[in-house]
Structure formats: structure tokens, C-alpha cells
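Student: For 146, the entry in TrEMBL reads active site, proton donor/acceptor. The active site, acyl-thioester intermediate annotation in TrEMBL covers 246.
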């Protein structure tokens, strides 16, 4: 047992060190870009090019270019101000569970990484200049993370149970590789992974609202299940982010925080 605890402590320290390096690289890249482009206007003239019928490759944000070059499984970065949640988000369609036990650098680590569900489409490009090749984000992006006792990954997500905490930390920042996005918490609830035959609302099955009816079913359920009223409403056409982690109130329990995109 002591050996197991020692291994976990070592992996926690290693993850913390890695996170510091990743965040430093992100900040340094952003500052370098600001210095390089200081006084320069119209760095990207995308609208004129589009008028000429040219297809432009989406530009990766400066702070994520070097990180993406290190690991092309990275699809974005999740941050909640004044919390430990400040991590890259990974996605591996060919093996959706890979990052459950591996870190950003591909080393075994029980903390794993934050994982974008393989059925979620983050989208390429930006909303300002129309998403590249029609690659618009899914209505709902689902991010999974371990509930670590150390608080790492989504270990502290359960703090949203407390309404005071939830209102203080009501904004979620998720950047894709191409644009900065912000979400406001709209619902917090407990759920579980159900049998396929169970005729109940399964939040983890909702990715796209192609019809108003699909949206209304999702919206009605997340609002009625919420532990408290966040005061945030939504309408058909809005986008969402869902943060999901294990909880132990029931077998295969889950704790869920959902945000509505506001930027």
C-alpha cells in the first residue's frame, strides 16, 4: 500500500511539474507573438482572400503552436479561473481511452489527461471568418477527466455542489486551437452511466441538436436536474460544454458541470 501511495505522489509531482512547463510555454509563446506583431496591423487578411474563392488553412493561436507541434492529439485548453483546472485537452478517435493513463508527453500517469469525447467536434477555424470547410463545433462538447483525490484533473469539480462556489466560479474558458471561447455555467448535477436499454436522459449521448426538439429535450433535462438554479437560460442554436467526472453516489456515478457558450 505504501508503494502505491508513493507512486501516486510521484506521478502527482511529475504532473504538476509538467503543467508548469506547459503553462509557461503557452504564456511565453503568446508574449513572443505580441512582441513580434507589435505595431503591425492586418496580419491576416482573410476576408479578401475568401472573396477570391481561396480556401485558407485555419491559423493556430500563437500560444498553442509549439504545444501542438509537440503533441498533435491536443485539441484545446481548458481553464477555470482561481482553480487547479488549467490543462490541455486531448482527443484520440482511434483509441478514446488512451489518455486515461498517459500524460501529455505519452508517459504513463494515473492522473491521465482531460479527454474530449470522440463524438465531439471541436471545430476548425473561427466563428468570425466561418469555420474551415464547414467544420463547425458540435452543439455540445464533452470533456472527461479523472476525479483525483489530490484535486488534479477534475478532482475539485465536485466543489460546484456548493452554490456559493459555483456562482464565484461561473465562467469556464475553453480555447480550441484556433479561437478563444468562454462559457457560463448553466447546470450542475449528479447522474450515472445507464444501461443502453434504460429510457432515461443520458447527458453523455447529447452532442448535436439538429432540431429544436432535440435541443428542448436536452435543455429541459439539464435545468430540471440542476442542484440549484444558476439563473442562466439558453435557446436553440446555443453551444455548450460539458465537464464530466466519476462520482460515487451510485454505481457508475457521474458529476457534471455544463456551460453555455457566451463568447
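Positions of Cβ are set from backbone N, Cα and C atoms, glycine also.
All annotation found in TrEMBL is predicted automatically rather than curated by experts.
Predicted, not measured: the structure shown is a model, and the values here were computed from it.
How about a rundown of where these features are and what they're close to?
Tutor: Take the CB of residue 146 (active site, proton donor/acceptor) and look out to 10 A: across all protein chains shown you find 20 other CB atoms.
Residue 246 (active site, acyl-thioester intermediate): 15 other CB atoms within 10 A of its CB, across all protein chains.
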Student: In three-state terms from DSSP, label residue 246 (active site, acyl-thioester intermediate) for me.
Tutor: strand
Student: From the Cα of residue 146 (active site, proton donor/acceptor) across to the Cα of residue 246 (active site, acyl-thioester intermediate), what is the distance in angstrom?
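Tutor: With distance taken Cα to Cα, residue 146 (active site, proton donor/acceptor) is 7 Å from residue 246 (active site, acyl-thioester intermediate).
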